[in-house]
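Structure record follows, encoded as structure tokens.
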């Protein structure tokens, strides 16, 4: 924190200027909240606040009754230079980075919802902000409307965060929900989700887990006060999950969720995204559709959960405008918020340090001795089996196989992932095994 | 916000002094977190932080390995005067108020967990803090470890909070849980809770809803930016709830929870505490035991929920120390946090403006025409009946009645509480009605 030297600080009646970069779903709603609540926000800040410019690709195409046409421009740099607070809603790690850097170098503060930018260049930008006595706030980058960034930066600074489990991607949560309630396969649900606009035309970022991985990097950096970027996150998406997996999970009292998991353990910090089986009574199990939630464990506070809308124009804009007001209050007071502290240079935990129970669904030719052969391979690799379920009826047969295929599911005791992967490769050399098995972690 | 003129601001290596008032469960844990995490907290603040004094009734009786005996004193005023941050954990509205005022008048900042003090004198203290350029922070006063005060003060300042439903008292939540899972009556569970230390020897503040009412007043003031005190909160406790009520609720797919409900509606703001029936699928329904949760609806963010431990030494201390670090950062930066804005002078909604569906459990002599007589009374008062359940077997008979008593339960369409109370008084004049019926709101 330090004194902000912008000329605007001095005058209590001079409006604080907000420059908006991007006028899409979130940008247009952000403008609406600022304009509709102008009087109210001025009272909360103690200074008037105005929209000073809106940068967009084609000003002729942007038409919202609450945005003064004269504010629209495709000259983004001019909007940056004319603002006390720059709100970056462009997305991506290209020009967004350029303009955020430009704003901070000007000594202007930045509010952004750009998780990809922060997951890749966060530490660089946090330092730049501190150097130029500017704020960088980004509540909307993780969990949409849910206050999670601020609790991590401020509420939990008297504690030690140990782990977080987050459902932080609404598209995948919706898909898994639909697979669960309707018994459908992944591809069919994805297609429907695209038709309904719940999934993008190119859904890769969501379904392969990259979006969640960006959020995991940000959560770990804030929670553990250490420098962690997207490159440190291991990622598995949900594209390999079958209707059979879901049916088996349901039968066992589990639900499948795509989780962002960050942990600070003895072996170091880790940030991972993977689909997992969680008990149907876990608080995260009842987070449905486009809702997000983060379940957090801290040394003293113990369990906490934060729940709300993870996406959508108005909910995301609520978080963005909350940040704008916070930053505006700092400008009015001639100060900045707390720096993002990364004083911990914590080691990254190796993959082998991450032990979990796994549920592996094999499809096999049903010949005598199959289970014994498979079980022996697990034993050879020192992976202990906790349970076997042979009662699962496949809901779909392998296209390459015209006979009857049986399914069985092995749940292991906690083992490290590398050993498990080696075991599975070895099992797959058996003649009786058909195709690739599906693998899900079991979190209980 | 404004510049803090304490002499300590200037020197970046001089420790920030924390004076603790109270060394009970939360006080001793607060001291532990400060001492155990001294190095870590200094990095997060950018300045060292030290415990400068601990005020307690009898220094000879306080013995914790992490509290230097030399810091203990029964001279509370000296601890206040020797601190940059005064942490008030005395409780109540007597001397606590005196010392908090003394601290603020000194220009020192205050961290407190004292909900009764804030619910009664909050507005006076917030103004005093602003006047003396000091902070007053109180995350632990509502929902223990759960970040809810800070989200209201900061995260949601770009939005309009419309309502909050909170389970904010662990003792009553535990009692209702036990009644539900074990089918026991209130008195029996209370006695057991007292034996186990989950309820106090004098449980009035919890079971009559006053503790929750204090929290409701604080939530409403912060959420609606208006001046609302404990005197504005209407309170109903859980002492009249019977095993029959719980059994009927369970049969209907409901759970009974004691809720703090604050709303900003067309008729004005209201803050109320009452036991209510909520659907078993509502996110609050699965909040068990000593856990707390606040479910919040905002105009733009939509639904949010915050969940965690509502009490206990370490969880509450986590919230207290989070506030201490925040305030210490402000001192290090020579500033203060945002003022508690109460610019809205919102009208208080009259009781008649609060409409709800009610479930009324009557016990009656089972004679022909009973239901018709009762239903006619409801019709006479213009209260519309949504459903009647006559299949409920009483689990307990009235001590004053030696024959067979039947029970029936009427669920109304939304009606105002005054009309409902008049209707019930009228029904109770009927010969067939035995004793007082129980009345629960239905929130769906």
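Think of each number as a place in line: the chain as shown, counted from 1.
Backbone N, Cα and C define each Cβ position, glycine as well.
Predicted automatically and left uncurated, TrEMBL annotations should be read as such.
Record features (TrEMBL):
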{"type": "ACT_SITE", "residues": "A:215", "note": "active site, proton donor"}
{"type": "BINDING", "residues": "A:21, A:22, A:23, A:24, A:25, A:26, A:27, A:28", "note": "NADP(+) binding site"}
{"type": "BINDING", "residues": "A:115", "note": "NADPH binding site"}
{"type": "BINDING", "residues": "A:200", "note": "L-homoserine binding site"}
{"type": "DOMAIN", "residues": "A:359-444", "note": "domain 'ACT'"}
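Overlay of TrEMBL annotations on the structure.
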{"residue": "A:21", "record": "NADP(+) binding site", "DSSP (3 states)": "strand"}
{"residue": "A:26", "record": "NADP(+) binding site", "DSSP (3 states)": "helix"}
{"residue": "A:115", "record": "NADPH binding site", "DSSP (3 states)": "helix"}
{"residue": "A:200", "record": "L-homoserine binding site", "DSSP (3 states)": "coil"}
{"residue": "A:215", "record": "active site, proton donor", "DSSP (3 states)": "helix"}
Can you name every residue in this chain, apart from A:21, A:22, A:23, A:24, A:25, A:26, A:27, A:28, with its Cβ inside 8 Å of the center of the Cβ atoms of the recorded NADP(+) site?
A:20, A:29, A:30, A:31, A:56, A:89
Mean of pLDDT values spanning the domain 'ACT' (A:359-444):
86
Output the one of A:22, A:24 that, of all these binding-site residues, has the highest number of other Cβ atoms within 10 Å of its Cβ.
A:22
Within the chain of residue A:200 (L-homoserine binding site), which residues six or more apart in sequence place their C-beta under 8 angstroms from its C-beta?
A:171, A:194, A:206
Do you know which of the binding-site residues A:21, A:23 has the most other C-beta atoms within 10 angstroms of its C-beta?
A:21
When you tally the Cβ atoms that lie within 10 Å of each candidate's Cβ, which of the binding-site residues (A:25, A:28) has the highest tally?
A:28
How do the residues of the domain 'ACT' (A:359-444) split into helix, strand and coil according to DSSP?
22 helix, 33 strand, 31 coil
Nearest-integer angstrom distance between the alpha carbons (Cα) of residue A:27 (NADP(+) binding site) and the residue listed as 'active site, proton donor':
20
Work through the recorded positions one by one (A:115, A:215) and point out the residue whose CB has the fewest other CB atoms within 10 angstroms.
A:115
Alpha-carbon distance [residue A:115 (NADPH binding site); residue A:28 (NADP(+) binding site)] in Å:
19
Between residue A:25 (NADP(+) binding site) and residue A:115 (NADPH binding site), find the distance joining the two CA atoms and give it rounded to the nearest Å.
16
If you draw a 10 Å sphere around the Cβ of residue A:27 (NADP(+) binding site), how many other Cβ atoms fall inside it, taking every protein chain shown into account?
27
For residue A:26 (NADP(+) binding site), write down the residues of its own chain that are at least 6 apart in sequence and whose Cβ falls under 8 Å from its Cβ; none is a fine answer.
A:89, A:113, A:140, A:313, A:316, A:317, A:320
